[in-house]
Amino acid sequence: MSIESLSLSGRKKEVSNKKMTFMESLYLVAIAKGLWITLGHLFTRKVTIKYPEQTRSLSPVYRGQHMLMRDDEGRERCTACGLCALSCPAEAITMKAEERKPDEKHLYREEKYASIYEINMLRCIFCGLCEEACPKQAIYLTKSRVMVKSASNREDFIYGKEKLVMPLEMAINNTKPQMAK
Amino acid sequence: MDTAIIIEKGIFIVVIFAITMLFAMYETLAERKIAAWFQDRIGPDRAGKGGILQPLADGLKLFSKEEFFPNTPNRFLFIAGPAISMSTALITSAVIPWGDTLHIFGRDVVLQATDIDIAMLYIFGVLSVGVYGIMIGGWASNNKFSLMGAMRASSQMISYEVAMGLAIIALVMMTGSLSLRDIAAGQHGMSWNVFYQPVGFLIFLVCSFAETNRTPFDLAECEAELIGGYHTEYSSMKMGFYLFAEYASMFISSTILAVLYFGAYNFPGMDWVTENWGANATTWIGVLVLFGKICFFIFFYMWVRWTIPRFRYDQLMKLGWKMLIPLAIANIVITALAILWSDGKLF
């Protein structure tokens, strides 16, 4: 078998320029076939999702708004090493490091933490490289399960820690299984 | 003239006018819904239950739009275009037999505005005038795209009217009358003309698509090439009138198809109904049957629209002149031979 006539999918069709016969040039058979196909579509399940009422479920690997994680004891994991900012191809992340005070041990896991952590959502391309770069598993795009909302001015797209850090309720829920043990 | 007849006809005409308008209005919704279903979508369903108020919302939107006049020297013609389209689409319904005779208030009410013996000619005349609406509108728009659309529409309509007329000649040879009432009455029970004239029906159907400017023959307004064709420059309710006229003529054209070939108000078992339930029952059921047939043809128009892509212009002309006209002439000859043979005058 020559390579030209090979069809791995079995759906290959050769195009020919042959002259149509009189019956073919009336298009009647072709039209009847077409009508039959469209009639079939009249009764198929509709694919529309009525958006505001219904929402599409996000896949488990959907990369949405970032979340700065807390550990099992509810402490922020981020140590402000800056690797995420370094790995970011879009220059979207900025942060400022601060040393942990002795009475803040219940708030921050490491001795150094980010006092300011900002992501510019207009710059971010949601590639997930920050997630890969993080040595402390502190930043994830797949955990928040929300999309970044639209806004009408640019300043609103710079998300600080108040929007990025995992909410406390979620952290409490995460610690519950451990407490049950 | 008898005053009662004037009142009776007056009421009847108003009712038919209202029904035509209602149909044209809800055809716009049906078109969008059916288009959506064919494409596996749901379609408009927000205005009212299941989108039932959508045509009202669309109409309101068109009314409140800005009225735009292009820089044209023919302001009068610019307004006359949609007006002619609309009136010609509506006046065809005058000769259509909507049902048999009704016996109410001791009178025989014929469910037809007027029964003229040249109804077929009248319909063809009105259809030919219909192209002037598009022509004048396209010309007065002072826009190349509009003019192109108008030119296409007129040449297309003239070409397809020939084949349409020839298809009808075979039918008239069989029925022996140009009156729509006679043609309708001749298809009593199940002896519909489509069974005797299948080729003629097919030709007439194709030509009807061309006459109403529906896909696959909507070259007059083909968006991909001509923006909007003849109604590019139109806005607000004048635009609405053009669109409305298209849907009204679709309704009328479906009616003509049903009356000429699909037995009009006749249905199988009508003799039984007359015997058991009376003549009035037959008439009422007949009217419903006719409207059922009309709805089917309207659906068919939409079905075809979402199945077949638009013809190229040379394909359109080729189909009209080289396929349909020879076919129609052959149909006439075969019909003539068949009539002679059945009369025993052949051989």
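Glycine is no exception: its Cβ is also placed from the backbone N, Cα and C atoms.
Among residues of the same chain six or more beyond the transmembrane segment (B:6-26), those with a C-beta under 8 A of the stretch's C-beta atoms are 55, 59, 90, 93-94, 98, 107, 109, 111, 113-114, 244, 247-248, 250-252, 294, 298. The annotation transmembrane segment is assigned in TrEMBL to B:6-26 (among others).
Per TrEMBL, the feature transmembrane segment maps to B:76-99 (among others).
With a cut-off of 8 Å between Cβ atoms, the residues of this chain six or more beyond the transmembrane segment (B:119-141) that come close are 70, 72, 74-75, 77-78, 80-86, 88-89, 91-92, 94-95, 147-151, 153-154, 157-158, 161, 164-165, 168, 172, 178-181, 211, 213, 220, 229-234, 242, 245, 249, 256. What TrEMBL lists as transmembrane segment is B:119-141 (among others).
Sequence-distant contacts of the transmembrane segment (B:162-180) (same chain, at least 6 residues past either end, Cβ-Cβ under 8 Å): 95-97, 112, 115-121, 124, 186, 193, 196-197, 200-201, 203-204, 206-208, 211, 259-261, 264, 320, 324-325, 327-329, 331-332, 335-336, 339. What TrEMBL records for B:162-180 (among others) is transmembrane segment.
Residues 156-157, 159-161, 163-164, 166-168, 170-171, 174-175, 183, 186, 216-217, 253, 256-257, 260-263, 266, 301, 304, 316, 319-320, 324, 327-328, 330-331, 335 of the same chain sit 6 or more residues outside the transmembrane segment (B:192-210) yet have a Cβ under 8 Å from a Cβ within it. According to TrEMBL, the feature transmembrane segment maps to B:192-210 (among others).
The transmembrane segment annotation in TrEMBL covers B:241-264 (among others). For the transmembrane segment (B:241-264), same-chain residues at least 6 beyond its ends with a Cβ under 8 Å from one of its own Cβ atoms are 20-21, 23-25, 27-28, 31, 81-83, 85-86, 88-90, 92-93, 96-97, 123, 130, 133, 137, 168, 171, 180, 183-184, 187, 190-194, 197, 200-201, 204-205, 208, 211-214, 230-231, 234, 286, 290, 293-295, 297-298, 300-301.
Summarising the annotation, TrEMBL assigns transmembrane segment to B:284-304 (among others).
Per TrEMBL, transmembrane segment is recorded for B:324-342 (among others).
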